[in-house]
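Now, the feature entries from TrEMBL:
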SIGNAL    1-34  signal peptide
TRANSMEM  44-66  transmembrane segment
DOMAIN    49-441  domain 'Ammonium transporter AmtB-like'
TRANSMEM  86-106  transmembrane segment
TRANSMEM  142-161  transmembrane segment
TRANSMEM  166-183  transmembrane segment
TRANSMEM  203-224  transmembrane segment
TRANSMEM  244-261  transmembrane segment
TRANSMEM  281-303  transmembrane segment
TRANSMEM  310-326  transmembrane segment
TRANSMEM  332-350  transmembrane segment
TRANSMEM  362-383  transmembrane segment
TRANSMEM  389-414  transmembrane segment
Amino acid sequence: MRHRDLFQSVRKRPVLTGLISLSALGVGAAPAHAAIAPDVSYVFNTLLFLIGGFLVMWMAAGFAMLEAGLVRSKHAAVICLKNIGLYSIAGLMFFLIGYNLMYLNVDASGGYFGVPVPWSPSELTGDESIDLSTGYASASDWFFQMVFVATAASIVSGAVAERVRIAPFFLFVVVLTGVIYPIQGSWEWGAGWLDSQFGFSDFAGSTLVHSTGGWAALAGVILLGARTGRFVDGKPVPMHGSSLPMATLGVFILWMGWFGFNGASQLALGSAADATAVAQIFVNTNMAAAAGVVVAYLLSMVVNRGKANLVMTLNGALAGLVSITAEPLTPTVIEAIVIGSVGAAIATYGTILMEKIRLDDVVGAIPVHLFAGIWGTMVVPFTNDSASYFGQFVGVVAIGAFVFATSFVVWLVLKMLLGIRLDRASEAAGGDLSELGHPAYPEFVEPEPAE
């Protein structure tokens, strides 16, 4: 639950009651604790957003390393360009229209979208130097929200790798981060119709971030088609990545960044209750990922007849993280382990399903972020009695339908106007040479013969 107004979010997250009594008003301290001055609480809340934000920003490096390690070497450099490019585009678009489209006066549209104007802190808080009742610096909130948008775009990058052209991909990111993501985000985090009418709950974004990226990726994968040679006579042909150690590093970076992703989504650190909640979130996040690793490792042994699969194991960690993201606070540690375990199993068998229906997802982003994201969202009411299974179902279906449909249309328009796929010769040469003109690993590229 990420309503911009902390006072509003208190109705949904009881642990924040201490923030209002201790920090925003500076009175009514809990019996066991002295009252916290408003400026002290303001500082801690702001620091939570900033520290969480730069941890999530570091996840961009994790996605880049994961994807660069799982693509073939002739596509590694273009993957790096895509990831630094999409992060930058996300920031610009979220500033220009995305943030206010997601949060500003959403109720005026009936809860469907905000106002697409550039972000300005004065629109939200007035003079922050004299008004501490907001509970945090609005710029810190903007930064924290922005890095989440980039995460959704990063998910798309890996799924469509090795055959998508750079320019159309960047144009898709413009629409995804500036329009599609903010609109669906406003429905819950902007206190829109899913929140007000159905009580849909997505603490840190299993659906609003991860499934959104997964649905957008699925639309792109369908329209792009598989890589040349990926399926022969209906059977999958393995295309091994260039560096599994690099991919492993990427997963460790993502795992670390996830503590900011989930932990800072508590939205407050101005009371002992909030600090305790953040600590619990860290533990649950870590244990869900750890369980995902173990389950995916064991299942890979079953699937591959006694041989473990590192990529499946890495994706098991990510699936565990995605699964717990919808509600990392209310589960017990055992429940978090179960949630992460099931998410990893879903991602593992989801990867096999994708191959059976001949959908080519290079890094397994769709099983990890979409399939596990749906699971994590639907299981929220099991540990959080303020959510309902019906409300969660409505949210999953509504957001999925909207994101997939709009993404499909955008991809289709780009395909018709510009073409979104590399031609066969460029794909064979690799995106590094055909799109950038230089390889990621020049020492492994044979020089052109002298004329």
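Backbone N, Cα and C define each Cβ position, glycine as well.
Note that the structure is predicted; figures quoted are calculated from it, not measured.
Relative to the transmembrane segment (166-183), the listed stretch 86-106 leads the set 86-106, 203-224, 244-261, 281-303, 362-383 in CB pairs under 8 A. In terms of C-beta pairs under 8 Å, the stretch of 203-224, 281-303, 310-326 lying closest in packing to the transmembrane segment (389-414) is 203-224. When pLDDT values are averaged over the domain 'Ammonium transporter AmtB-like' (49-441), the model yields 95. Within the same chain, the transmembrane segment (203-224) stays apart from the transmembrane segment (332-350): fewer than three Cβ pairs sit under 8 Å, each pair at least 6 residues apart. Contact check: the transmembrane segment (44-66) against the transmembrane segment (332-350) gives fewer than three Cβ pairs closer than 8 Å, residues 6 or more apart, which falls short of the contact criterion. Among residues of the same chain six or more beyond the transmembrane segment (362-383), those with a C-beta under 8 A of the stretch's C-beta atoms are 66-67, 70-71, 155-156, 158-162, 201-203, 206-207, 210-211, 213-215, 217-218, 221, 227, 239, 311, 315, 318-320, 322-327, 330-332, 335, 339, 342-344, 346-348, 350-351, 353-354, 389, 392-393, 395-396, 400.
Within the same chain, residues 51-59, 61-70, 148, 151, 204-205, 282, 285-286, 289, 310-311, 314, 317-318, 321, 325 sit at least 6 positions outside the transmembrane segment (244-261) and bring their C-beta atoms closer than 8 Å to a C-beta of that stretch.
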